[in-house]
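J.: According to TrEMBL, the record shows the following:
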- C:18-37: transmembrane segment (TRANSMEM)
- C:66-83: transmembrane segment (TRANSMEM)
- C:95-113: transmembrane segment (TRANSMEM)
- C:119-138: transmembrane segment (TRANSMEM)
- C:150-172: transmembrane segment (TRANSMEM)
- C:192-216: transmembrane segment (TRANSMEM)
- C:248-271: transmembrane segment (TRANSMEM)
- C:283-307: transmembrane segment (TRANSMEM)
- C:313-333: transmembrane segment (TRANSMEM)
Amino acid sequence: MTTSLRLSAALALALAATAARADITVGVVVSATGPAASIGIPEKNAIALGPSEIAGEKVRYIVLDDGSDTTTAVRNARKLSSEHQADIVLGSTTVPTSMAMIDVMAETGTPMVTFAPALALTSPVDDKRRWVFKTMTGDDHELIPLLAHMKATGKQRVAYIGFADSFGEGWLKTAEPMLAEQGFTLLARERYARTDTSVIGQVMKIIATRPDAVMIGASSGPAALPVMELRNRGYRGDIYLALGATFGDFVRIAGSKAEGVYAPISPAAVQADFPPTLANRDAVLAFVEAYEKAYGAGSRNMFAGSAWDAVQLLQQAAPKALQQAKPGSAEFRAALRAQIETISGFAGARGVYHFSPSDHAGLDRSALMLGRLEGGQWRPVQ
Amino acid sequence: MKVETLVVPAATAPARRRWGLPLALLLIAVLPLLLPQFQVTLFNYIGLSSLVCMGLVLLTGIGGLTSFGQAAFVGIAAYLSAWLGTAYGVSPWLTLPLALIVTALTAWSGSLLTLRLSGHYLPLGTLAWGISVYYLFGNLEFLGGHGGLSGIPSLELFGFELREPSSWFWLIWSIVLLSVLAIRHLLDSRPGRAIRALKGGVVMAESCGVDTRHYKTAIFILAALLAALSGWLYAHMQRFVNPTPFGIHAGIEYLFMIVVGGAGYVWGALLGAALITLLKTQLQDWLPLLFGQSGNFEGIVFGVLIIVVLLCARDGLWPALCRWWPWRRAAGITVVPPAEPLPLQPKPARGEPLLDVAAARKEFGGLVAVRDMDFRIAAGEIVGLLGPNGAGKSTMFNLISGVLDATSGEIRFRGERIDQLPSREILARGIGRTFQHVRLIPEMSVLENVAIGAHSRLQVGIGAAMLRLDREAEARLRHEAARQIERVGLAEDMHRPAGSLSLGQQRIVEIARALATDPLLLLLDEPAAGLRHLEKQALAEVLDRLRGEGMSVLIVEHDMDFVMNLVDRLVVMEFGQKLAEGLPLEIQNNPAVLEAYLGGVE
Amino acid sequence: MTFDIAILLTQDGLTNGALYALLALALVLVFAVTRVIFIPQGDFVVLGALTLASLQAGHLPPTLYLLLALGGAVGLIDAVACLRSGRAHAVGRVLLIELGYPLALWALCHWLLPLSQSLWLHALLTLAIVVPLGPSLYRLVFQPLAQSSVLVLLIAAIAVHFALVGLNLLGFGPEGVRTAAFSDAVFEIGSMFIASQNLWIVLVSAVLIVALYLFFERALYGKALLATAFNRTGARLVGISPDLAGRLSFAVAALVGTVAGILMGPITTLYYDSGFLIGLKGFVGAIVGGLASYPLAAGGALLVGLLESGSAFYASAFKEVIVFTLIIPVLLWRSLKSHDRGSEE
């Protein structure tokens with residue numbers, strides 16, 4: 001309820017305050033509806049917790065929904081930069097929607113911090129991508145702990161099943177060269193849709209290849225379907241899931257069938273005791289405390305963490321940028337961009353960020369660790 | 001012929017037309033300079049949707065063929081141009097013709113599959129096609145899969161790269177304006193009337209010499225081409241493509257746009273595209289306030305909105321708006337200037353044998369509807385085919401007019417066998433017909449309806465019509481139609497919508513339409529059925545005049561009194577067989593006929 | 001592919017195919033009686049499953065409020081119609097039925113939910129809640145449009161689908177549900193295992209299919225209902241109200257959809273928007289049957305199910321492409337068979 005109130009208030013303010021224009025305007029594009037809605041909504045929730053003032057300047061948030069649709073995302077990006085003169089744009093949720101916004105951001109010279117995973121969004125840092133930063137771990141971050149565990153436990157033959165969309169595709173594309181490099185054999189590449197009612201065909205094909213491990217490029221509740229089917233069909237080997245499976249309904253839907261599966265976990269998302277050596281422990285705790293205070297116990301998740309961090313980065317960069325130019329100007333946007341690029345060693349909820357003129361992906365590789373589902377809880381694996 | 005007397009000069013309409021184009025040009029030139037950038041962007045998207053919707057209006061609203069697959073055509077063109085541009089660096093100006101050709105070929109092969117089938121198969125087929133094309137885009141590696149293709153080159157025009165929304169506005173809206181003009185030109189032409197006639201049913205259109213398959217295919221391809229144009233613009237404006245904007249939901253949305261705007265009106269396409277696009281942007285701001293959270297609630301609003309539109313303004317908002325707008329109501333009455341008459345078929349000499357029905361037989365399963373009928377009609381003769389209900393008259397009529405094929409026997413026209421020919425071929429040989437259940441296009445004027453009849457007497461291509469290269473031919477067609485309307489005595493109602501006439505007048509319009517086909521033999525299917533006494537009298541006068549002109553006519557009727565004074569000869573049918581044949585007086589006193597009609601004489 | 005896999009795939013294909021067949025029959029029926037191409041058929045599947053899940057979780061399902069809202073709207077329209085036609089005395093009865101039923105059901109749910117965890121009770125309540133939505137929708141949307149073209153009705157059906165998906169999301173949220181199974185038993189026949197839930201699905205579907213078939217092909221009243229499709233005025237003359245026939249066919253469609261949802265709930269996860277594709281697959285089956293023939297439609301739907309599980313095995317990325325392109329050869333075949341000219345719609 002508080003979110004909607006805050007949002008309504010933000011919207012009302014946005015509608016009312018069109019003339020008063022010295023504030024910092026933060027444009028936000030999330031996929032609050034459509035297939036990626038369950039991810040976009042927590043992102044929006046985290047943004048709603050953002051500060052109302054940075055270095056004495058009022059901050060105005062304008063949150064738009066792109067419905068997981070690229071055309072709308074671009075339209076929103078235009079709306080934010082031309083109608084609201086946004087100083088920075090945060091979002092969007094999915095890879096295609098973020099990808100589609102890059103052109104507008106580069107054209108209008110507006111820095112953008114996306115919450116989408118693909119490395120291609122920020123790399124290579126060229127004329128356009130110099131405006132783009134990201135706070136989401138990439139598919140490569142996810143695969144590193146998984147592959148390390150597979151290697152350590154002597155797996156050889158691997159099968160893959162994942163979403164028939166940009167998510168599953170991105171995961172597989174990142175995984176293929178990494179698997180080949182480390183000497184794994186990829187036996188099957190199967191797809192299924194989020195709303196599919198049966199994956200027996202795909203699962204039978206996977207089982208027929210007799211894999212040592214099955215990787216599942218799927219997220220949230222729909223990731224449960226292949227796990228359950230694999231177990232129902234007698235597969236006893238290890239299952240490795242994407243980070244997205246540690247979010248949402250996966251555990252509730254898969255139930256006991258999911259016991260013992262592996263997935264990369266983010267300290268920002270999992271209720272577990274992390275070692276005090278964790279570099280960003282304090283940042284995680286701060287995020288969790290603020291977020292769960294607003295949205296209830298156990299509501300923490302990595303998507304909200306990424307959006308939270310995007311606001312944190314703004315909070316880091318804005319004071320210095322304010323010394324160089326006034327908000328609402330092209331100079332301020334350029335200064336903001338330049339300042340974000342200099343952030344290095346900053347600990348956020350999702351990990352430690354190291355930006356540089358040649359690296360806008362930010363998060364270092366320790367941002368994710370291996371987790372295992374035990375008794376319905378994700379536990380870090382040492 | 002004193003056609004000039006028909007002319008009623010109108011003041012309002014041409015004046016408005018003269019202002020319309022410069023005003024539109026001015027708006028296109030000035031708007032992007034006045035509006036904030038985001039509004040300009042919105043207008044660009046409206047323009048892109050308008051292009052697709054215009055095609056859909058032509059296809060669905062006017063042609064009566066429903067397609068959910070237009071978004072897929074947009075996608076094919078967008079992806080083709082994007083792929084060639086990113087993978088091979090092909091210039092957008094080269095990919096444009098390619099995209100159009102590939103889309104046209106796809107549409108053409110699709111039309112081969114679906115257009116023969118009746119009504120609901122096309123929407124369902126396109127629904128399935130829209131879904132499979134979406135998944136195909138998402139799974140083809142070279143098209144970037146679900147992630148899509150980015151870095152598509154922008155357009156260059158006269159060495160100037162289109163970057164700003166305003167420069168796109170000028171390009172997109174110029175194209176929209178040209179398309180509006182082209183489609184309006186097309187609709188007001190010979191091929192356009194043929195397309196509008198499709199809604200009146202295949203049988204009627206074919207009986208006027210319209211090749212319905214050809215025109216259905218043509219509008220299917222035309223609609224796909226407009227969609228392709230939109231897709232090509234989209235790819236280079238957005239500079240990024242992925243499958244979502246081309247999925248089945250986009251296809252449905254285009255259809256929603258025209259339903260809301262007005263499916264039968266070119267302007268309805270623009271109105272609908274604008275309303276839905278603006279509504280979508282506004283709903284984003286309002287719905288979270290209403291529901292207190294975000295969700296896919298647009299669907300609720302759109303769903304309910306469409307239902308309300310269907311319930312309250314079934315033809316969409318454009319016609320409703322027109323009724324509201326006072327100056328719109330002053331319907332322009334255009335002048336029908338004299339023009340060179342259309343070519344005529346050489347007329348047979350009076351008494352020359354025309355139609356020869358020999359042992360014609362039609363069976364439906366086990367039922368024999370027409371049992372070995374024989375009769376003849378000579379040139380200049382008026383023959384009545386009489387019989388009680390269910391005697392097989394209509395079946396006999398359909399055999400002659402080519403709607404049905406005879407099971408056995410022969411029907412010859414001027415010595416040539418016609419019993420296995422389709423109705424269009426039969427018309428070409430000089431047999432015109434009317435329908436018992438009037439088949440006029442109610443919203444078209446009487447003049448336009450009759451001009452459909454003259455369709456096969458002059459060739460005008462779709463391209464020529466769009467480019468307005470057809471004005472001379474059009475003037476001749478309209479003049480011919482006006483001449484036929486005067487011939488049947490309806491000159492005063494020439495510019496009224498056919499649907500506003502009484503049933504009797506509509507029957508007479510049908511006769512005028514049949515006359516416009518330049519027939520040697522006129523087939524009238526129960527012309528007096530359902531008419532009031534005065535209407536019957538008017539009809540009889542028209543027929544009398546035709547007799548005076550030497551027209552050969554076959555009237556199928558069950559009203560004996562009506563035909564008695566009109567015909568030279570009568571053929572009476574009962575139970576599919578010929579019961580009697582002879583002069584009206586003979587028939588009147590034939591006991592067998594009386595028996596059949598009155599159920600026995602006391 | 002080994003024999004075991006083939007058996008499993010066939011079993012999976014037949015289970016889904018049976019459900020599609022059930023939907024296909026409802027689609028054919030609705031089309032035959034009302035000429036509506038009932039796109040929201042799949043949404044009723046989802047409504048059924050989501051309502052059941054929410055009852056099993058001990059909540060009052062939001063569908064109750066939808067039922068109340070639709071009932072109120074129908075009551076209002078009918079009451080106004082009564083007043084206009086001077087039958088003021090009927091107003092009370094109309095309102096009592098349209099509003100009383102949902103309110104009584106609401107009270108019943110309130111009372112029963114804490115008392116019993118019985119699966120059967122929940123299933124019955126689900127039917128009682130969801131099935132009346134069908135006739136209400138017909139009364140509100142399709143009855144006033146009854147004289148319109150197939151196209152207008154189709155667009156109205158799609159509009160209803162959009163509204164239902166949105167309402168599902170509003171009421172149930174984006175999370176998927178999986179309901180408790182009717183029985184967890186697994187039978188072993190030779191070397192293969194058959195989950196009893198799958199047997200349930202095939203059995204219930206078969207029974208419903210046969211019942212529908214018998215009713216509409218054999219029973220006089222069923223035949224009369226179908227006759228309204230061909231001749232509305234004629235049907236009125238022999239004493240069948242087309243409105244009643246329409247409502248009844250929508251009730252059957254809602255019943256079939258809900259039963260399919262209840263059956264499907266335990267074997268898969270259903271989301272608020274799962275209905276569209278499920279319904280469309282039923283459609284592909286119905287199109288194979290030319291939207292007219294019950295046995296062909298059922299056969300077509302089984303074919304869709306088998307094709308789906310087969311393509312999931314062989315080329316999972318192209319599964320939807322394959323299933324939906326099945327329509328093309330069917331259309332081609334129908335197109336070659338069709339008489340080139342003559343018949344009008």
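Just so you know, the numbers here start at 1 and follow the chain as drawn.
Glycine too: its Cβ is placed from the backbone N, Cα and C atoms.
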J.: Out of C:18-37, C:119-138, C:283-307, what stretch is closest in contact terms to the transmembrane segment (C:192-216), meaning most Cβ pairs under 8 angstroms?
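T.: Checked against C:18-37, C:119-138, C:283-307; highest Cβ contact count belongs to C:18-37.
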J.: Given the cut-off of 8 Å on Cβ pairs that are 6 or more apart in sequence, determine whether the transmembrane segment (C:119-138) and the transmembrane segment (C:66-83) share at least 3 such pairs.
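T.: Contact confirmed: at least 3 Cβ pairs fall under 8 Å.
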J.: Does the chain bring the transmembrane segment (C:66-83) near the transmembrane segment (C:18-37), so that three or more CB pairs sit under 8 Å (pairs 6 or more apart in sequence)?
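T.: Contact between the transmembrane segment (C:66-83) and the transmembrane segment (C:18-37): absent.
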J.: Should anything in the same chain at least six residues away from the transmembrane segment (C:150-172) have a Cβ under 8 Å from its Cβ atoms, list it; otherwise answer none.
T.: 34-40, 43, 46-47, 50, 54, 61-63, 65-66, 137, 141-142, 272-273, 275-276, 345
J.: Let me spell it out: take the transmembrane segment (C:95-113), skip the flanking residues so only those 6+ beyond its ends count, and list any with a Cβ under 8 Å from a Cβ in it.
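T.: Residues packing against the transmembrane segment (C:95-113) from afar: 55, 58, 60-61, 64, 67-68, 71-72, 74-75, 78-79, 121, 125, 128-129, 132.
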